[in-house]
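For reference, the structure is listed below as structure tokens.
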Amino acid sequence: MAGLMSGFLNTWFFIASFIPYFLIDRVGRRPLLISMLSLMAAVMAVQAALIYQVQHNTPLVKTAGIGASAMLFAYLGAFAVGFQSTVWVYPAEILPLRLRQRGSSISTASNWIFNYMIVQIIPPSIQNIGWGTYVIFAVFNACWVPCIYFFYPETKGLQLEEIDDLFAKSGNLAALVEQDDKTVMASHVEETQV
């Protein structure tokens, strides 16, 4: 039964991975991230309650088991639609040209390192704290929502130059210094051409 469930989950994940192709430029990066991270947090909270029922062998154990299976599909769908696609697109868009190659490399390496870390942490976590594992993931997902809301500007429909200006206007000190350097260089070029 576990093999069959795994096959269905992976098939669903594969299909859901195509959905952002149609949404990411229509809806935007932030709305996808915020809505799907909120959904992922809610699903993990419900999953924690359902797994609690299963682990404590309550009268709802069979129904809770079915519900927990459904929550896995909901979580993977939300992850595929909102998070999986955006974490590859967003870093390349927000970095200035001179940092894009290095920044994308760091972003990709970080993504895979944290994926590996999660894969290594989950089995002992479920074994030791059971349903509490899902509470931890619900909290982490929920904590990302205000972070993205307040600190991640929307890049949908913007040219790379407009994104650079967006960060320069945000009050980010590094962006302002870089923008100031460009202004100084531009004025220097104008003075030398006169």
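Any Cβ shown, glycine's included, is placed from N, Cα and C.
For 1-156, the entry in TrEMBL reads domain 'Major facilitator superfamily (MFS) profile'.
Per TrEMBL, transmembrane segment is recorded for 6-24 (among others).
Annotated transmembrane segment per TrEMBL: 31-52 (among others), in sequence order. Here the transmembrane segment (31-52) has Cβ contacts under 8 Å with residues 20, 23-24, 64-65, 67-68, 71-72, 74-75, 78-79, 81-83, 85-86, 130-135, 137-139, 141-142, 144-145, 148-149, 152, 154 of the same chain, all six or more residues outside its ends.
Per TrEMBL, the feature transmembrane segment maps to 72-91 (among others). Residues 8-9, 12-13, 16-17, 19-21, 23-24, 29, 32-33, 35-37, 39-40, 43-44, 47, 103-104, 107-108, 111, 152, 155 of the same chain lie 6+ residues outside the transmembrane segment (72-91) yet bring a C-beta within less than 8 angstroms of a C-beta in it.
The transmembrane segment annotation in TrEMBL covers 103-123 (among others). Remote same-chain partners of the transmembrane segment (103-123), defined as residues 6 or more beyond its termini with a Cβ less than 8 Å from a stretch Cβ, comprise 87-88, 91-92, 95, 133.
Sequence-remote contacts of a segment are chain residues at least 6 beyond its ends whose Cβ falls under 8 Å from one of its Cβ atoms, and for the transmembrane segment (129-152) they are 29-30, 33-34, 37-38, 40-42, 44-45, 47-49, 51-52, 55, 90, 122. Under the heading transmembrane segment, TrEMBL lists 129-152 (among others).
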